[in-house]
Amino acid sequence: MLYLSEADNWNRKPNSQSTYLNPRSSTSSPPKEATMRKRTLYVWGVAILCFVVLMIVTPAIPQSQEYHNFADQREFFGIPNTLNVISNFPFLVIGVIGLVLCFYKNYFKFSLQGELWGWTCFFIGVAAVGVGSSYYHLDPNDARLVWDRLPMTIAFTSIMAIFIIERIDEQKGTISIIPLLLAGVVSILYWRFFDDLRPYAVVQFVPCIVIPLMAILLPPMYTHSTYWLWAAAFYLLAKVEEAEDKVIYKWTHHIVSGHTLKHLCAAMVPVFLTLMLAKRTTETNRISLLKTWKVSWTKVNENGTRVESGEYVYTSVQSEDSH
């Protein structure tokens, strides 16, 4: 009830502030809204066309059974594949913490209702990864792999919706939550029934490319946007460790495998995003990270030029005095 009352307060904010938070929804003229609607349909049309072409021109990608053959298969305390199982525990912890903080006195200070729904889905997905991935690693096989991948698709697609809400349009982003979640679920079902990983690969890897680009190019609603890039970097590192599972296990003299480290690095993604939510405030000057970096680089170059010029003048004076 506390959260509902705060949500009501958001709706009672002055028009100026609500306009800042979502300028497209309150100030757009009818012609501009029609243009945006056409542009949205165009983008969705192009995306669907690209996906259809991809499915036509590329061969099916079956699930390799070698995938289940992880490097570290040791058993401790009666738990099969112990380290690959227990290394999922951080997902459960951070997922539950994030979910609680989403509703605890609006701890994350969400400005938009859609944000609450998007981040709720994200943290549910993260917590479910801790359970589903542990269940899979107890006895790795295709049937159990479904419960490992399904929560991850929930997290991936939720993040996409959150970015649309915060950086493009609140209404479009909120509406996109359900379709994106359904797309993730369908990709898992398609793989399971047709033994084809292509739709799942799109759902998993497109956000990995689009989210960092959006974080850099689109003006943020909140501060601490660089946390998105830290999260993306750790996820990339996790994928490398996953690919080099056996190599890392050999390098560490059979102490820890790449897949175990992959779990720990991937768990840093929700850690960084939770810290971002806790630290961030509303951005008063909405400038993209790319523009911010350009301004900083320009200032560095200008300061460097001034320093070099100052040193040159100083040296010239000294030279004249010596004569």
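Yeah, the Cβs are placed from backbone N, Cα and C, and that goes for glycine too.
The annotation compositional bias 'Polar residues' is assigned in TrEMBL to 14-30.
The region 'Disordered' annotation in TrEMBL covers 14-33.
The feature transmembrane segment is assigned by TrEMBL to 41-62 (among others). The list of residues near the transmembrane segment (41-62) in space but at least 6 beyond its ends in sequence, with Cβ under 8 angstroms from a Cβ of it, reads 194-199, 201-202.
Here the transmembrane segment (82-104) has Cβ contacts under 8 Å with residues 3, 70, 72, 74-76, 110, 116, 119-120, 122-131, 133-134, 137-138, 256-257, 259-260, 263-264, 266-267, 270-271, 273-274, 277-278 of the same chain, all six or more residues outside its ends. Sequence annotations record features per position, and here TrEMBL assigns transmembrane segment to 82-104 (among others).
Annotation comment: TrEMBL describes 116-138 (among others) as transmembrane segment.
Other C-beta atoms found within 10 angstroms of the C-beta of His137 (Zn(2+) binding site) number 27, with every protein chain shown included. According to TrEMBL, the Zn(2+) binding site annotation covers His137.
What TrEMBL records for 175-194 (among others) is transmembrane segment.
If you look up TrEMBL, you'll see 200-218 (among others) marked as transmembrane segment.
Annotation source TrEMBL lists transmembrane segment at 260-278 (among others).
Taking Cβ pairs closer than 8 Å, the transmembrane segment (116-138) reaches residues 3, 7, 70, 79-81, 84-86, 88-96, 98-99, 102, 108, 110, 144-145, 147-148, 150-156, 158-159, 161-162, 165, 173-174, 177, 181, 263, 270, 273, 277 in its own chain, all 6 or more past its ends. Non-local neighbours of the transmembrane segment (200-218) in the same chain are 51, 54, 61, 149, 152-153, 156-157, 159-160, 163, 167-168, 183-184, 187-188, 190-191, 225, 228-229, 232, 235-236, 288-290; each lies 6+ residues outside the stretch with a CB under 8 Å from one of its CB atoms.
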